[in-house]
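What TrEMBL records for this protein:
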type: DOMAIN; residues: 18-305; note: domain 'Sugar phosphate transporter'
type: TRANSMEM; residues: 12-32; note: transmembrane segment
type: TRANSMEM; residues: 44-66; note: transmembrane segment
type: TRANSMEM; residues: 78-100; note: transmembrane segment
type: TRANSMEM; residues: 106-133; note: transmembrane segment
type: TRANSMEM; residues: 140-157; note: transmembrane segment
type: TRANSMEM; residues: 163-187; note: transmembrane segment
type: TRANSMEM; residues: 199-218; note: transmembrane segment
type: TRANSMEM; residues: 230-253; note: transmembrane segment
type: TRANSMEM; residues: 260-282; note: transmembrane segment
type: TRANSMEM; residues: 288-305; note: transmembrane segment
Amino acid sequence: MADRLRAFCKDEILTYAYLLLYIALSSGQIFFNKWVLSSKEINFPYPLGLTLLHMVFSSVLCFMLTKVLKIMKVEEGMTADIYATSVVPIGAMFAMTLWLGNTAYLYISVAFAQMLKAIMPVAVFVLGVAAGLEIMSCRMLLIMSVISFGVLVASYGEIDINWVGVVYQMGGVVGEALRLIFMEIFVKRKGLKLNPISVMYYVSPCSALCLLIPWIFLEKPKMEAHGSWNFPPFVLLLNCLCTFALNLSVFLVITHTSALTIRVAGVVKDWVVVLLSALLFADTKLTVINLFGYGIAIAGVAAYNNHKLKKEASRASVNDSDANINESELAESEPLVASSASSK
């Protein structure tokens, strides 16, 4: 009994440790990116180049961990056809999301960018309905309306709103929504199961290539015109390492917790980012209207997550009942086979 209680306490402590690690790394990476890109801090105003560095670093490190050191395992079953028709669109949308999201930090505050991200479920649902993956209902329409209203109120409360930054952030939201839709269509429906390290291994090189092409035309000339680089390479390397560690923390959280837990942790992380950014960055000025609108949006996001989890749970119970029926039918058919064999 004591051993069982000790094991339970150990599992609980590990779970909370992984959750705290995920929240800390996720929040810290957002602040780190803003700090690197900010003209008042490191002054590396090249979000496309920074994102490209992240993807190249992730590609190299994934290859080292899985193929050279063989510490982690990549899921098998990937073919050239699946890569071209599934991984490439997902990688392109992932690159678009990171590029536009990081670019938005040049124009708007971290807190306001996080508030705009709350519109994500609306984008996913609308695109899902268009793709035939979601069904429009009165309940979902109400939830989407609550989220949209909350984001509008939060935007109305923004003191120094920059519409260029808003467009970039909304573009990043659309890119992430498309990536999730493509994951549903191209991966899950093909029965390809990939753990996070496998996703990083396959997607990172594709995303790096998608980022390299616009970087050559958009940012490379600016970087060459700037002359000698004054950016500390150690800081950029540490930034890339933190990005990779964040992806691994997601792997740990998914492995040791449930879908509900990671969604709740995501909501907590969003609030941590919004509140801490007001203390860390001078360009963040929160108002009561900001927080009130964001609270409404988060309530809508929580309702959306609850609805999705109930839907997934009911789908899983139906699959389990179907499996039990098939097993019972198989068990009933075995005596018939045995009797027919004995009669022969």
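The backbone N, Cα and C atoms fix where each Cβ goes, glycine too.
Heads up, TrEMBL stuff is auto-annotated, nobody curated it.
Here the transmembrane segment (106-133) has long-range neighbours at 30-31, 34, 37, 45, 47, 140, 143-144, 147-148, 150-151, 154-155, 158, 160-162, 164-166, 168-170, 173-174, 176-178, 180-181, 184-185, 270, 273-274, 277-278, 281, 283-286, 290, 293-294, 297-298, 300-301, 304, meaning same-chain residues at least 6 beyond its ends whose C-beta is under 8 angstroms from one of its own. Residues 112, 115-116, 118-119, 121-122, 125-126, 134, 166, 287-301, 303-304, 307 of the same chain, all 6+ positions outside the transmembrane segment (140-157), place their C-beta atoms under 8 angstroms from a C-beta of that stretch.
Tertiary proximity for the transmembrane segment (230-253) is limited to same-chain residues at least six positions away from its ends with a CB under 8 Å from its CB atoms, namely 18-19, 21-22, 25-26, 28-29, 32-33, 36, 42-44, 50, 53-54, 57-58, 61, 195-197, 200, 261-262, 265. When Cβ distances are compared across the two stretches, the transmembrane segment (78-100) makes no contact with the transmembrane segment (260-282), since fewer than 3 pairs at least 6 residues apart fall below 8 angstroms. Between the transmembrane segment (199-218) and the listed ranges 44-66, 163-187, 260-282, the one holding the most Cβ pairs under 8 Å is 44-66.
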